[in-house]
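S.K.: This is the structure I have questions about; it appears just below.
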Amino acid sequence: MTPTLGIVVVAAGSGARLGGAEPKAFVALRGVPILERALRGVFDSVEPAQVVVVAPESHVKAARTIAERVAGGASGAITVVAGGSTRQASVAAGLAALSAEVDTVLVHDAARALTPSALIDRVARAVRTTGAGVIPALPVTDTVKRVGPDAVVQGTVDRSDLVHVQTPQGFPRADLEAAYASATDEHTDDAALFAAHGGRVSVVEGEARAFKITTAWDLRRAENVLGAQTAGLRTGVGIDVHAYDETAPLWLGGLYWTDEPGLAGHSDGDAVLHAICDALLSAAGLGDLGSRFGTNDPRFAGAASEVFVRETLALVSGAGFAVVNVVVQVVAVRPKIAPRRSELEARLSALVGAPVTIGATTTDGLGFTGRGEGIAAIATALLSASA
Ligand code: CTP
Ligand code: MG
């Protein structure tokens, strides 16, 4: 299905006020380019979308690399184009790259690197319900003064109906394109241009985290927000090894595999699930599978290893942690993981209740895995303190 939502992410500015060595969107924010952080929010949004990244002419290739890294499997939905000398020209270049099926457009500043995906969803939904322009807004909290010549205050502005606005700003595509086609003046945002050509615009609630990185001080603020976020993170690792047992059925990653040798073990020998349990337990500081469940415990003889995962997850959440993600690597000649990778990832993610990704490798004929004697699985888990 071709997406009917288009998201134009403008990243073609130079960032003169930030004053970095690279254009602003390519400046690192805690080790990750601003554009990459912004695109993470975009790709985490619910509705499938065509994403158009507008980059400086000199950085089109760099932007494409970043966008493909973030999109992963969804990279078919990405377009990267060169921007213009003003933000308005850059938006126009982005609009020109939208595919025919797109009927709703969001225009978003890459400089709003920490915009939560929920805001993107909120704006897209509101455009569809109202059939008009929608912008995120937050109330003005400071007192606002009107100041005349010589720095003399002339009065206090009633702020009760004032808001400051953010992006993404959303519009019915045809109406926004018509407005852009007839625009001659420069406007400070897309909603102003849209309204100047007769469009109706309403507001939805904005997000403090969607602030724009303009100056070095803003970049520091974004770093601090991310720092506070990583403070409660814990990683863990787990490894499990089982020998093949030709007479047993193969259960691996919670799936049954036909025509493959099974694994020897006290339970069903599911090395992937066991490695995941150890990764989760170690991250939470709860010991390991052996000490928690006891390999001699008759309750677990021949048990489906999903039982261990469920028990482990209960212990982990009881200790005050939530799973952020889990990564597994299988080291084995058999079975081949790639053909069932997406099925495995879906099964494991459902079981763990967080994204689980899985990869595999062989060892070039070396060692017990190379000789085809058994399987090793290595897992890492990331937890966050759920308080
Ligand atoms: N933008 C753009 N093309 C331009 C100017 C701006 O795509 N010719 C984008 C910026 O990359 C940014 C967003 O519009 O994501 C908001 O603009 P701003 O914060 O002003 O960024 P810069 O123009 O890069 O910064 P400065 O004004 O300090 O140079
Ligand atoms: Mg600018």
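Keep in mind that glycine also has a Cβ here, set from the backbone N, Cα and C atoms.
Bear in mind that the values here come from a model prediction, so they are computed numbers and not experimental data.
In case it's useful when we look at the structure, here is the feature table from TrEMBL:
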REGION    1-233  region '2-C-methyl-D-erythritol 4-phosphate cytidylyltransferase'
SITE      ARG17  site 'Transition state stabilizer'
SITE      LYS24  site 'Transition state stabilizer'
SITE      ARG159  site 'Positions MEP for the nucleophilic attack'
SITE      LYS212  site 'Positions MEP for the nucleophilic attack'
DOMAIN    234-383  domain '2-C-methyl-D-erythritol 2,4-cyclodiphosphate synthase'
REGION    234-387  region '2-C-methyl-D-erythritol 2,4-cyclodiphosphate synthase'
BINDING   ASP240, HIS242, HIS274  divalent metal cation binding site
BINDING   ASP240, VAL241, HIS242, HIS266, SER267, ASP288, LEU289, GLY290, THR361, THR362, THR363, ASP364, PHE368, ARG371  4-CDP-2-C-methyl-D-erythritol 2-phosphate binding site
SITE      HIS266  site 'Transition state stabilizer'
SITE      THR362  site 'Transition state stabilizer'
S.K.: Counting across all protein chains present, how many other Cβ atoms fall within 10 Å of the Cβ of HIS274 (divalent metal cation binding site)?
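M.R.: For HIS274 (divalent metal cation binding site), the count of other Cβ atoms within 10 Å is 29.
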S.K.: Taking DSSP three-state, what's LEU289 (4-CDP-2-C-methyl-D-erythritol 2-phosphate binding site) in: helix, strand or coil?
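M.R.: Once the DSSP labels are grouped into three classes, LEU289 (4-CDP-2-C-methyl-D-erythritol 2-phosphate binding site) ends up as helix.
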S.K.: In which DSSP state, out of helix, strand and coil, do we find THR361 (4-CDP-2-C-methyl-D-erythritol 2-phosphate binding site)?
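M.R.: It is in a strand.
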S.K.: Measure from each Cβ of the recorded positions ARG17, LYS24, ASP240, LEU289 to the atoms of ligand 1 and list the residues where some distance is under 6 Å.
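M.R.: The qualifying recorded positions are ARG17, LYS24.
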S.K.: Report the DSSP secondary-structure composition of the domain '2-C-methyl-D-erythritol 2,4-cyclodiphosphate synthase' (234-383) as helix, strand and coil residue counts.
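M.R.: Within the domain '2-C-methyl-D-erythritol 2,4-cyclodiphosphate synthase' (234-383) the tally stands at 53 helix, 47 strand, 50 coil.
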S.K.: Between the recorded positions ARG17, LYS24, ARG159, ASP240, HIS266, which lies closest to THR363 (4-CDP-2-C-methyl-D-erythritol 2-phosphate binding site), Cα to Cα?
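M.R.: Going through ARG17, LYS24, ARG159, ASP240, HIS266 one by one, the Cα closest to that of THR363 (4-CDP-2-C-methyl-D-erythritol 2-phosphate binding site) is ASP240.
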S.K.: Between the Cα atoms of PHE368 (4-CDP-2-C-methyl-D-erythritol 2-phosphate binding site) and HIS242 (divalent metal cation binding site), find the distance and write it as a whole number of Å.
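M.R.: Rounded to a whole number, the Cα-Cα distance is 10 Å.
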S.K.: Nearest to THR362 (site 'Transition state stabilizer') by Cα, among ASP240, SER267, HIS274, LEU289 (binding-site residues)?
M.R.: ASP240
